[in-house]
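Single-structure report; data block below.
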């Protein structure tokens, strides 16, 4: 029940408090060079891409948010239905509660709403140090008919959480066991503090093929935990890390330096389809957002669909104004960083 209460707290805090990182994602330092004569019909702009052997209508992921509570069930169902209509991907929130509270399964079960989407199951990697087995990870995947499993890395959040899991020793070999055991790919994802080149290489070396950089610039989970603190000392400790992390743009560059061959998801502080286009240009295969979708999904499916359409139109207009008919063209679009052409 403690896990369920924590999830309730997380939803409420994210919706009602300012929990943004004190750092920027870095994308404001990158600008596309405007193409005044693109020689393209807007109707021919093609945002489709392939991810996990499925076609996405746009390279967008609704990043992992929640699960385990009635409110989370409604949010996930609305997100999934809107993702199905738009043809984009979706990640589920941490599914640890499902292993201890089987009755929470319906808060994660969205395939009826979204039979065709790329769907990602999710659990904290550190749980492998607390008894979660590869077999249980496969159960999480099977229970929601997921296309992959996210193992998220949230060390700073755990260390600033009153009930956090603090033993991260010898975790990499256990992650490797899961990578080798599962019938679907494992995605390694940070939660808002970024992946370095060194860390990315550690995962690539054990066979991980997909990394989500989830850099700083958006939600700071240390700030979320500051609001959950049960005393002033805990609050002060968590609050002091407001400027911690690797900005998303920097993390994206680092991960791409580690490998040109893996799939990379850019998330963390992206605010629009314009930011998403910049992420694609800088090396991401798809990009993820959470905050804008959470607020919409707490209200209605229609608002989620409107938010998705906004991001897609921003992406398409950016593609048009850079002369990029396809996502592959966008990856080569002309950029300026700090007023210096790239």
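Glycine is treated like the rest: Cβ placed from N, Cα and C.
Cross-referencing 29, 94, 324 with the FMN binding residues that Swiss-Prot gives (63, 64, 65, 66, 122, 189, 219, 269, 270, 271, 290, 291) picks out 94.
Neighbour counts of Cβ atoms within 10 Å were compared for the binding-site residues 269, 291, and the top value is held by 269. Residue 94 (substrate binding site) is 20 Å away from residue 269 (FMN binding site) when you measure Cα to Cα. Counting other C-beta atoms within 10 Å of each candidate's C-beta, the binding-site residues 65, 95 are led by 95.
Comment: FMN site residues 63, 64, 65, 66, 94, 122, 189, 219, 269, 270, 271, 290, 291; largest CA to CA distance 23 Å, whole number. Residue 291 (FMN binding site) sits 18 Å from residue 6 (substrate binding site), counting Cα to Cα. Reported as a whole number, the C-alpha separation between residue 65 (FMN binding site) and residue 94 (substrate binding site) equals 8 Å. The CA atom of residue 96 (substrate binding site) is located 29 Å away from the CA atom of residue 271 (FMN binding site).
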